[in-house]
Amino acid sequence: FLISGHGTKGVFELLSGWRRTRENLPFKDRVADAYSDVMVSYTMTSSLYFIAFGMGASPFTNIEAVKVFCQNMCVSILLNYFYIFSFFGSCLVFAGQLEQNRYHSIFCCKIPSAEYLDRKPVWFQTMMNDGHQHTSHHETNPYQHHFIQHFLREHYNEWITNIYVKPFVVILYLIYASFSFMGCLQINDGANIINLLASESPSVSYALIQQKYFSNYSPVIGFYIYEPLEYWNGTVQEDLKTLSQGWIEQYYQYLRVGNISATNKSDFISILQRSFLKKPEFQHFKNDIIFSKAGDENNIIASRLYLVARTSENTQREAVELLEKLRPLSLIQSIKFIVFNPTFVFMDHYGLSVTMPVLISGFGILLVLILTFFLVIHPLGNFWLILSVTSIELGVLGLMTLWNVDMDCISILCLIYTLNFAIDHCAPLLYTFVLATEHTRTQCIKNSLQEHGTAILQNVSSFLIGLVPLLFVPSNLTFTLFKCLLLAGSCTLLHCFVILPVFLTFFPPSKKHHKKKKRAKRKEREEIECIEIQENPDHVTAV
């Protein structure tokens, strides 16, 4: 799902560049023009993808799942790039041959003449028509007749740049920024085990009931003593009582109630095996003690104890804090033990998934911005790109928090992907605007939308439609993926078609210097023409 957003972007951009070429040119020239127009920027964005996910695939990542995912993304990006560069380009060559010889692009047969089509039914005309009238088959820019191009040029560009629409767009962005900022203040980590389970599984019902009625108690924490210990020693007994409870506490109480003395090793183990563990109410402790026999002497080589801590309603947070306190304690105490509970696996996982990927992604973002700073053509283009990507990233982060999405492994990866997705779609639009030479900003943004708007709209629409099957997967993680990618596509689309076209008409870069240059060139040309007229009075009519 992630690679489809970048792959279809290359397909639609190259197809858009192909459609902008003149149909009366040889197909080799058309392919060359399309590649020179599109592949440079697509190579840069593919490199940014590779750098961002290459950081996740590096040895610095300490989560194996994230590392494997980023490795697969890097391989997919390389395969996708060479697919666009080779196979899809070959398809364009084949399509150019068909267009040049007037063959049908689907049935590969000769397109009938207009007189022959007029005598056939409408369905036959629709299927066999190449989409061009004979009078306009060799137009310099047939792409202008594409319905999305026509809609953007004739309707949307005029509407979005209307002076009465701009105030509402500014208010819309302020609302967007307010909700994003409010969501960023409420970010939660993903230490909820329910997010890792299937939606309708019995484990979800158990977890919900446990959180509802028994949320004041921590999970049962196991203390695993993995070395021989002098359990009959009074000092060791006091240390064990302070740590946890279990068979050892019951055994000490049994000795105290029966007024039995077990101050040495042989008596302690003998009474434990032959008396305490034989009673029905204590037989379940047999699985908690591991004995070994060396000759005639028995030893306790390992045992386990349990602890249930009293917590408040925020069980997950306090359980994590309890774990962080108990683990250093196991290294300080004279008794060597291991603290474990199955939920600690997920707590460790999410504790790492929030900190380490954020650091890696931050370093990747810094590296990407440094590279783009040296590669961009105009500094203002880089500045606007940074602002746009930051706005989209914060918007996705805040809105997904308001949509009850926690900061788990999936959401972190989607945030890293959102960075590349935003650059992929905003960069061509912004640099076309910055480098435009029209007299006004409004005309520049119109031309930018007209050139790249169709490819952006086609790609984001197909990307969002491709996410629909995720709704039918009974998994909370998959639903998290759907939410994050839907927000990434929607926020990018909002910025490319609503926010940037309006804000770019307010702020720099200014287009007045282009207007002055054109006036200077026009004045210079008029002076040269006047000099020619004065020196050649006989050729005034020709001039």
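One-based numbering along the chain as shown.
Each residue, glycine too, has its Cβ placed from N, Cα and C.
Keep in mind that TrEMBL annotations are predicted by a computer and have not been checked by a curator.
Annotated features, as they stand in TrEMBL:
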DOMAIN    1-94  domain 'SSD'
TRANSMEM  39-61  transmembrane segment
TRANSMEM  73-95  transmembrane segment
TRANSMEM  163-185  transmembrane segment
TRANSMEM  358-377  transmembrane segment
TRANSMEM  384-404  transmembrane segment
TRANSMEM  410-434  transmembrane segment
TRANSMEM  455-473  transmembrane segment
TRANSMEM  485-507  transmembrane segment
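Under 8 Å from some Cβ of the transmembrane segment (485-507) lie the Cβ atoms of residues 1-2, 5, 156, 160-161, 165-166, 169-170, 172-173, 176, 384, 388, 391-392, 395-396, 399-400, 403, 414, 417-418, 421-422, 425-426, 429-430, 433, 441-442, 444-445, 449, 453, 456-457, 460, 463-464, 467, all in the same chain and six or more residues away from its ends. Mean pLDDT for the domain 'SSD' (1-94) in this predicted model: 83. When the domain 'SSD' (1-94) is classified with DSSP, helix, strand and coil residues number 79 helix, 0 strand, 15 coil.
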